[in-house]
Amino acid sequence: MTHWIAGEWVQGQGEEFVSLSPYNQEVIWRGNGATAEQVDQAVAAARAAFVEWKKRPFAEREAIVLAFAEKVKENSEKIAEVIAKETGKPIWETRTEAAAMAGKIAISIRAYHDRTGEATREAAGNQIVLRHRPLGVMAVFGPYNFPGHLPNGHIVPALLAGNTVVFKPSEQTPWTGELAMKLWEEAGLPKGVINLVQGAKETGIALADAKGIDGILFTGSANTGHILHRQFAGQPGKMLALEMGGNNPMVISDNYGDLDATVYTIIQSAFISAGQRCTCARRLYVPFGEKGDALITKLVEATKNIRMDQPFAEPAPFMGPQISVAAAKFILDAQANLQSLGGESLIEAKAGEAAFVSPGIIDVTNIAELPDEEYFGPLLQVVRYEGLDKAVELANDTRFGLSAGLVSTDDQEWEYFVDHIRAGIVNRNRQLTGASGDAPFGGPGASGNLRPSAYYAADYCAYPMASMEGQETELPATLSPGVTL
């Protein structure tokens, strides 16, 4: 069974689609997508469940969420294995994701109390009480790169606030979405509070268009997010929160400190998860001169030694394949385009079996106008520069604004960087990936519009209600002109 609607597992009535393991192209999941009619049924079930769910005391909603967290802990190895098979990420990495699925629930609970509680103040003789109320039915769109952890960062805050959910996983990771839904079922979630619909583009469009949806929490590519944004232009009554990608700059100062530590930080920033994290470094700014030359030489040498293999291989690999053969081709095509524009490959990314692509580094200093695209994979562009102010100017030349970083031991350089860079997440002397659930996650421009993840998701799962409360109705000393009593 593919879909969970109104507390029942049902078969999809749309077109068949499959999940292919990206490291060997074996079919590991098969099902039929949800039709528009089935999506409407899921939304109706969520709407019906919302009536009672929002009335439940917070303690009851919290208890069910905590029961789910326990189920995740009990099944953490199974979750890690499923994610590894669907995404191709090394098992050591997917184990950290399984742990985060349960671990960040505590952040969401704390956020509910911190950001959606009641507050009272006096003003002009009135008592002003700020309360928070759930929006209603939330559509949650999950990405393929973190198919367990990231959707959870939307679903849990939505439920805690009293909303109900229709969840659509990525069509490339349906097995993970199905497994998570089964754990919610085992945790005792009432019927209709979460509904799972699977499918590709048609299912997603139907969900975004559904009249019973009050808000969308989306994590995914900029292209898909912008389609949703245009789709919402005629639906002002819906809340839309987008978390999208970035063309993230990483600036290396002449004062970068330890060479090996700097190279390791770059590799972790650019090639972790085979470059398939939205915060990965895409552009590396390296100063002209001997220190910059030494850095690039060491980086190229270390990158050649990166172990790439299947997720369960021994010894353990650092990175696996791209999510699909099409995604692998996209990276190779991007590299070819940069080469045609004048880029010089320091290491050429090469296709392997199935969806594997080896990491590539390309010097694009001589390209006058770099394509402002998110190359979601292991392709790092190097730009040589002179002067930190020039590096920051080049780094800001993008429509995105998610993540940025500076490697420097100089405090004044850091102050200049953090004051002038345009990014929502800024890092000093650490990898660009691996943001904290306690911090806002997102950025300006094409990287998104809100910060609906983990701690700050509470802001978008409930609306503030301000009530001005007087002790009794009072007649003013002076009536408004034209009124006689």
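Cβ atoms here come from the backbone N, Cα and C positions, even for glycine.
Record features, source Swiss-Prot:
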- GLY220, SER221, ALA222, ASN223, THR224, GLY225: NAD(+) binding site (BINDING)
- GLU243: active site (ACT_SITE)
- CYS278: active site (ACT_SITE)
Item checked: Spatial separation of CYS278 (active site) from GLY225 (NAD(+) binding site) - C-alpha basis, Å -> 13
Check: So, in DSSP terms, is GLU243 (active site) helix, strand, or coil?
Finding: strand
Next item on the list: With H, G and I counted as helix, E and B as strand and the rest as coil, say where DSSP puts GLY225 (NAD(+) binding site).
Entry: helix
Item checked: Cβ-Cβ distance under 8 Å to GLY220 (NAD(+) binding site), same chain, at least six residues away -> PHE141, GLY142, PRO143, SER170, GLU243, MET244
Check: Residues with Cβ closer than 8 Å to the Cβ of SER221 (NAD(+) binding site), same chain and 6+ apart in sequence?
Finding: PRO143, MET244, GLY245, GLU374, PHE376
Notebook entry, point to check: For ASN223 (NAD(+) binding site), what is the tally of other C-beta atoms lying within 10 angstroms of its C-beta?
Noted result: 12
Notebook entry, point to check: Hey, which of the recorded positions ALA222, THR224, GLY225, GLU243, CYS278 is the loneliest by Cβ count within 10 Å?
Noted result: THR224
Notebook entry, point to check: Which three-state DSSP class does GLY220 (NAD(+) binding site) fall into?
Noted result: coil
Notebook entry, point to check: Taking the centroid of the Cβ atoms of GLY220, SER221, ALA222, ASN223, THR224, GLY225 as the NAD(+) site, which other residues of that chain lie with their Cβ within 8 Å of it, listed in sequence order?
Noted result: HIS226, ILE227, MET244, GLY245
Next item on the list: Round to the nearest Å and give the CA-to-CA distance linking THR224 (NAD(+) binding site) with CYS278 (active site).
Entry: 14
